[in-house]
């Protein structure tokens, strides 16, 4: 066979390797065997190399064994095939059989052990190599060992190799220098990375990029900027590294500015550049800028890139434009687990939890297996819906798939069970976790806090601190809200003051709202007013509404008017101010003023959100509003309520009509109370949900005082466990008692 034919076959083999087409390599191999009785070593070596690159060492060995006289290149190529495949035992056997060894042989053996994480064997082989003589040492040897040091966090090994680099005269090698800088950066020794960089006389753009990456990874942004601006030559990687580093360090605006400079410099922009820029747009919620980047992506023909498509989805979702995100998702030709997860998370973050659950189902139908982040995200959506049934199904999936071992999934499950009122499952999951982080503790603390179980909440919080874990702002929201619901004013004050003093957490609106609630709920309305005057910023709408709600409970008209006026100044279109203030006047019988407030609402086109409650049965949601006759089961529901009402009155139930804000007769008020949405949902549950299952109802507004008391009676009469989750907290009724406490 001529040398030109061998070259032609070798070119075909190389092309097959580039396209990862092992079938075509085998076909070429068959053709060679049919046409040639004795292929020359050059072609055989290329066949061995092709099978090695495609991770098929058995076929590579078959070609090698049929060679009449394998040369040193043949041995090294076969050794490399086993090195890449991970068959380290056979790799060592081949090395031992080699008639002669050179630097390539030693490096293949070291690389095989290093790539597969066998530190002891890799270092042992390096020591043998040194005993065989330093003549075989080259830049590949040191680069491989430095990579092993950084990947396994072997600081001492990395420093020892650094010493050998200097000893054997490789410190001026740019290739080795880049690996050295990268190693020190990855093990967290930024100072040593800079020192190694400065010791190398000749530096190329790769070395600059490596050090910039290390500096930005550890937050040394200003030094990275100086290094970047002092570069004589920059490539696209230099610019993208800086843009990505800015985003990772929260400097989204700087990232966008640098992207504009990169475009003006005429640099090639790749998928990673676009990904980081879109992340910056999403972080700043700059929808228009994001659209401009999207248009640029289309012009550069990256619209079908799955990495860029996923980043576009994430950007639009963070800018709260789910419609655009859906359009991008529909048009994506290729989707992977990242793109599906981006759409799922986007739905969840924007309040479309049901859509998030649906798209998770669609993802699995398309053969995409969820990872821990995907499963954790869909469980979080179930938590937002308080959908225990679906959440329990995902719990089972986590157990079967093994993803339960990931802390993201376990934390999401604890949050789910907490939001669904099953704190016993929260505890069980928490106790079963091998590793717990701050999120785990916070999820459990928040679960107890939502039930007003202050003792357990505070005990867990103190345990968390004792274990040296740092609470975050969410942890303190749980602790402060628990103190509020239990009336622990002084303790709540102490925790609030400790936030900034002991933990360096600056209170935000949510924390101040908890303190307003803490004081006003305890009836200390004047103290709450004084607290607001001392705040560094005015309360937000939730804060004013919280104070106003307590003024209604404690009939404080003076402070209530102040809170209502402040709320209306802040949000003129928010009906809460009118509604809460009118309830204060209604409680005092000032119906003319109530009528004026309602007339003002109508003139401004404001409407109160209608109260509704929902309950799930056989994976279907049943929604009820007050005096609702739309259900096909309304006759059974109202008959059940009438029957319960008679038994409740016999047991001593007295309706509390103070929450009925209408100027009607007392009997009419009592009738209106009896048909509130949560009672209709509870009656439905009593009729259809099996006795051994708890009745779980969710309400979009706060449960009124009378319905809270009535549900205690219903629980006692029926001997059923009833859980109502409203806009404020949980109400768990069992045997006629409410475990969350009756703090109104």
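Cβ coordinates come from backbone N, Cα and C, glycine included.
Note that TrEMBL annotation is computational and uncurated.
Annotated domain 'DYW' per TrEMBL: 652-744, in sequence order. According to TrEMBL, the repeat 'PPR' annotation covers 71-101, 102-136, 204-234, 235-269, 336-370, 437-471, 472-507.
Counting residue by residue with DSSP, the repeat 'PPR' (472-507) contains 29 helix, 0 strand, 7 coil. Sequence-distant contacts of the repeat 'PPR' (71-101) (same chain, at least 6 residues past either end, Cβ-Cβ under 8 Å): 41, 44-45, 48-49, 51-53, 55-57, 60-61, 64, 108-109, 111-113, 115-116, 118, 121, 132, 136. Within the chain, the repeat 'PPR' (235-269) has long-range Cβ neighbours (under 8 A, six or more residues past its boundaries) at 205, 208-209, 212-213, 215-217, 219, 221, 224-225, 228, 276-277, 279-281, 283-284, 286, 289, 300. Away from its own ends, the repeat 'PPR' (336-370) comes close to residues 306-307, 309-311, 313-314, 316-318, 320, 322, 325-326, 329, 377-378, 380-382, 384-385, 387, 390, 401, 403 of its chain (Cβ-Cβ under 8 Å, at least six residues beyond either end). DSSP assignment over the repeat 'PPR' (235-269) gives 26 helix, 0 strand, 9 coil. If you take every residue in the repeat 'PPR' (472-507) and average the pLDDT, you get 93.
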